[in-house]
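Asker: Dropping the structure in here first, questions after.
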């Protein structure tokens with residue numbers, strides 16, 4: 001607490017000039033804005049709502065699962081809860097979160113542009129997202145869906161009695177928003193880089209967002225088509241996958257996972273970018289093996305398209321297909337391992353400080369490592385046959401997506417909060433939340449590995465009593481995790497009004513986004529930046545940071561002059 | 001309109017801005033290719049599985065309307081290409097005429113499509129109860145027939161909307177002929193045309209060789 | 001409630017898979033220790049303000065180490081693939097002498113039929129030490145047959161057969177789950193697999209109510225539907241006696257002669273007015289809609305069986 005009072009004691013000087021937050025305060029100036037920074041905040045508000053909705057469904061499930069019987073929810077209600085949790089968390093939280101909040105805000109800033117390539121398209125994609133979100137909420141209010149987020153046919157087309165059509169429509173519409181955003185990002189990175197900012201001088205966050213956008217552009221339309229097929233079959237009785245008329249339900253799974261496996265990389269690649277920014281800044285070192293990091297991102301994006309069959313080892317696909325997909329899944333593990341090793345080596349001979357954002361980043365590396373290593377179990381066909389569709393898989397992908405992507409989102413928000421709002425968050429609260437998130441996450445999801453290996457199938461409303469101990473542990477951990485997620489909402493909100501004013505570059509970071517005021521002006525930079533060197537110049541190239549002092553770093557964009 | 005006025009916010013030069021519209025559209029078309037690729041993959045799988053039922057079903061489609069529409073659409077692409085070239089050369093009347101011709105041909109395509117759909121419905125070629133063919137797998141062919149032509153027609157409608165907007169804007173001189181939008185609209189129109197060129201043999205020529 | 005950390009191991013495959021699982025645990029555990037150890041070490045040693053040596057990285061660290069661990073992880077991945085792949089290939093084919101049990105899944109139950117006709121629902125009895133091959137299909141949505149103690153799982157699909165096999169090694173009762181989400185009562189769709197000594201299995205199977213054969217079921221239907229009321233030899237109604245009708249040439253009222261094969265019998269049940277036998281009035285009602293495909297099969301099978309009796 002003493003830290004907080006100390007922070008507040010510092011005199012509160014209002015920012016000297018107009019910034020993007022103060023340039024127009026009417027509602028219309030927000031709802032009709034084409035400023036990428038404001039659109040990012042619109043996304044932040046919307047996505048936070050969905051994070052709460054999806055989280056509420058998770059809370060209901062964790063409470064229900066404390067006992068083996070069904071006490072709180074009926075069978076149908078439970079099925080609807082986990083389906084809603086999956087649909088909302090995948091398409092309305094994880095996929096848009098880092099790209100649309102941090103990516104939207106930072107991409108132009110990091111490459112020295114005034115805005116995204118198509119500012120009006122950017123706003124349009126938010127409106128499309130809101131329409132999709134309203135459809136998703138309508139689905140919930142109209143009774144929910146009970147197919148699981150995977151929409152497997154023939155359950156979804158002929159047997160489920162929930163609002164499958166509305167849910168499919170919601171996801172379909174959300175896909176347009178995703179595609180619009182990613183077209184925008186790709187064009188921005190190609191066309192609007194500052195003079196001197198060559199491809200191999202791009203910060204890794206930009207590379208990650210760029211690779212993610214390519215995956216989005218190529219994978220999302222396949223999901224759109226497969227949802228259209230499902231929609232047509234359910235709504236009009238047109239046979240596509242109907243086994244009674246010669247259709248093939250496995251074909252649906254192939255098409256679905258052709259999207260949904262790359263979607264995993266859509267969710268995790270942006271966080272690789274965030275972590276690279278965080279680790280370098282707080283270790284005061286250039287990133288270890290920059291080129292390898294870039295190649296690893298591109299390799300993951302490419303090979304990620306070729307491994308979808310590992311979700312289907314027990315579906316009845318051929319032995320040959322199983323072995324090929326198993327092989328490719330092992331191959332895609334290599335670049336992820338490179339990234340983990342490189343982040344670790346970046347710490348070597350650094351000047352490490354443990355600010356909250358760094359704690360999130362270190363937690364990310366640990367949790368992502370566990371998530372990635374358990375992926376090796378799932379790539380091995382015989383082991384996967386045993387643990388697929390059990391809580392082992394549930395634990396595995398939550399380690400990647402929640403331990404990984406959500407930790408990175410919170411870490412990124414903590415890191416860029418001063419830039420976004422111009423206010424400092426209370427550091428000790430943030431550190432506490434970061435540590436709590438790491439341990440809360442571990443308590444919640446590690447027991448799931450054990451019960452999954454013991455055979456507990458996923459999507460079970462009632463379960464055999466021998467698994468209860470693990471469910472109780474998981475539910476108890478979820479309480480900690482919930483606090484760790486809610487706490488930042490509190491102190492971030494508090495900081496908006498009472499937080500210390502942020503300087504332009506409170507962390508002493510090198511990226512272009514720190515070379516303008518906090519919060520940035522409407523057009524991002526007072527003078528267009530010119531880039532002379534690569535990212536992460538925390539020390540001269542063939543030297544490390546000095547032993548004792550933090551040496552003044554060299555910003556990537558060179559000194560920018562304030563326009564008179 | 002002067003060059004400075006046409007320059008929009010994030011850009012530092014008009015040349016970049018022109019590039020952006022075209023580049024963005026190409027990326028979007030990459031997305032569209034994957035969209036149709038999803039359905040065409042499913043079509044390919046089923047055609048390999050149920051080859052005979054598919055060719056038998058394909059013989060029921062109306063080759064007359066299909067071929068007529070192919071001709072109409074190819075001609076419309078010519079008109080669209082001419083419109084884009086005319087706009088680039090700054091020939092206003094030529095641009096307007098070609099855009100008008102494109103719209104007329106596009107509407108003709110949709111009209112023929114409507115006639116064809118009416119005939120198909122009369123022949124009970126809509127999958128479900130009372131379907132004309134006994135073989136259940138033939139219904140899968142017609143599922144793809146309706147979906148693919150329907151989605152293609154939807155793309156035509158969107159393309160018509162875009163071209164009509166450009167026509168009105170160029171007519172009222174609200175959009176300079178130098179705008180990259182003409183080129184971009186042309187790209188989109190040609191893409192929709194190419195999709196039809198893929199669909200035509202798959203849906204009409206299969207089984208008629 | 002005892003705290004188990006390892007599931008029961010009750011099949012031949014389970015032992016192999018556990019070996020692979022243990023190997024993976026060791027390998028990944030070592031990697032995790034390495035990463036976590038390095039993280040901790042660097043975080044402590046190079047925290048801000050320590051006296052540890054900083055400065056440039058040695059040249060070999062910058063390139064050779066990067067290449068080294070890329071190659072090392074690639075080789076490790078290939079090794080694990082080889083290990084898992086060979087294990088999978090070896091276990092893929094069921095031995096030809098395997099006991100074949102048919103499984104039908106429907107929302108929300110498992111139905112099994114043993115080779116001798118014994119049937120059970122939500123339970124499966126299998127002999128210890130013998131290979132058991134399950135041939136499975138589903139009547140509605142996709143289900144998945146999962147016995148954790150055997151480490152086997154296979155999706156069960158509508159419209160096609162999928163197979164799996166296992167060789168139980170320990171007697172006892174093990175849980176059977178449906179592992180693919182299949183609708184409202186998915187979590188209740190399961191049961192028990194009982195592994196018995198082969199001789200116990202034999203006596204168990206013999207003691208089960210046998211499935212009636214098709215002709216037997218057909219005979220029951222023949223009575224239940226009222227067919228016997230007219231077609232029985234002692235009936236007052238003037239209707240053809242069906243003993244030995246199958247395979248015979250019959251003369252029809254319109255002068256044609258047809259062979260009373262399966263198709264004819266089937267048509268006569270559904271459309272009795274079409275091919276009326278000469279000398280009889282067209283008084284039989286249609287049974288279309290009253291009998292389904294399976295019932296038709298049973299009735300025709302019964303009529304076929306009557307042929308033998310007539311000949312005797």
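Every residue, even glycine, has its Cβ placed from backbone N, Cα and C.
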Asker: Looking at A:353-377, A:503-527, I want to know which stretch TrEMBL calls transmembrane segment.
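Answerer: Comparing A:353-377, A:503-527 with TrEMBL, transmembrane segment matches A:353-377.
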Asker: With TrEMBL as the source, identify the stretch among A:12-33, A:320-341 annotated transmembrane segment.
Answerer: A:320-341
Asker: Are the transmembrane segment (A:287-308) and the transmembrane segment (A:251-275) close enough to be called in contact, which here means at least 3 C-beta pairs under 8 A that are separated by 6 or more residues?
Answerer: yes
Asker: Is the transmembrane segment (A:429-456) in contact with the transmembrane segment (A:81-102), using three or more Cβ pairs under 8 angstroms as the rule and ignoring pairs under 6 apart in sequence?
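Answerer: Answer no: the transmembrane segment (A:81-102) and the transmembrane segment (A:429-456) share fewer than 3 Cβ pairs below 8 Å.
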Asker: Are the transmembrane segment (A:429-456) and the transmembrane segment (A:40-61) close, by which I mean at least 3 Cβ pairs under 8 Å that are 6+ residues apart in sequence?
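Answerer: No, the transmembrane segment (A:429-456) and the transmembrane segment (A:40-61) are not in contact.
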Asker: Taking the transmembrane segment (A:397-417) as the reference, which of A:40-61, A:165-192, A:353-377, A:468-492 gives the largest number of Cβ pairs under 8 angstroms?
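Answerer: It is A:353-377 that shares the most Cβ pairs under 8 Å with the transmembrane segment (A:397-417).
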Asker: Any residues 6+ beyond the ends of the transmembrane segment (A:468-492) with a Cβ under 8 Å from its own?
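Answerer: Residues 48, 51, 55, 58-59, 62-63, 65-68, 391, 406, 410, 413-414, 417, 425-426, 429-430, 432-434, 436-437, 439-445, 447-448, 450-451, 454, 456.
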Asker: By a Cβ-Cβ criterion of under 8 Å, what residues six or more beyond either terminus of the transmembrane segment (A:353-377) are in contact with it?
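Answerer: For the transmembrane segment (A:353-377), the far contacts come to 268, 271, 274-275, 278-279, 281-284, 329-330, 333, 336-337, 340, 343-344, 383-384, 387, 392, 395-400, 403-404, 407-408, 410-412, 414-415, 425, 427, 430-431, 433-435, 437-438, 441-442, 449, 507.
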